[in-house]
């Protein structure tokens, strides 16, 4: 049986995924069983603005009232998820769209009451995913979690890391709009969590790259062996199957 990998697509990337991305997925499908986790921030913001519901974020997380939660669930589990499923199938990639609520796939508990109905993964029903994967489908997951009495908005990075850990995958891939981490103008092909923390402290890593590498560090601490940050608008698979981007591991490496 092929190894499994988890791929996280940020909400800001979904409308930019074109034939290049899907051809990469086609290549990966020959070697791996694939799980996709997606975000949907821009789509959610668009509906919130139309409904004149305030948008508030703290430390990169969406403050989620009951009113906001209803919109988040409607958008992520509805049009955002189904549009992505349609795009996969348009390229001949068999896909099934599901939310974390379905079959209690993503069980969640509240992260911090100050930010409302935002959750963290407490358990993943991995047998459900294994069943879908064994049927040769690509599960495309909307990161909504289910608690004892409430559904929760789960950050897509954290959901992807939780799913990757539950499936015991070796690799987690973050699809972004940048080539990876740059150091002195050159792409850092391989690095590790110690070097990442050092580069943040020295302000080598700044701006929008910080949350990307922080998400990678969280995933590594959950037991994933390596996390790669790649550019979804370009071919991100090398001739020998390596990732074209930045791969972060738990071991000690030197800059490459």
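Heads up, the Cβ atoms here are built off N, Cα and C, so glycines get one too.
As recorded in Swiss-Prot, the features of this protein are as follows:
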SITE      8  site 'Transition state stabilizer'
BINDING   40, 41, 62, 153  substrate binding site
SITE      212  site 'Transition state stabilizer'
Write out, in the order they occur in the sequence, the residues of the chain not among 40, 41, 62, 153 that have a C-beta within 8 Å of the mean position of the C-beta atoms of the recorded substrate site. 11, 39, 44, 64, 72, 76, 155, 156
Radius 10 Å, atoms counted are CB only; among the recorded positions 8, 62, 212, which position scores highest? 8
Least buried of the binding-site residues 40, 41, going by other Cβ atoms within 10 Å? 41
Just the number: how many Å between the Cα atoms of residue 8 (site 'Transition state stabilizer') and residue 40 (substrate binding site)? 11
Can you tell me the CA-to-CA distance separating residue 41 (substrate binding site) and residue 212 (site 'Transition state stabilizer'), as a whole number of Å? 15
Are there any residues at least 6 positions away along the chain from residue 153 (substrate binding site) with a Cβ closer than 8 Å to its Cβ? List them or say none. 62, 64, 68, 69, 72, 73, 117, 118, 119, 143, 144, 145
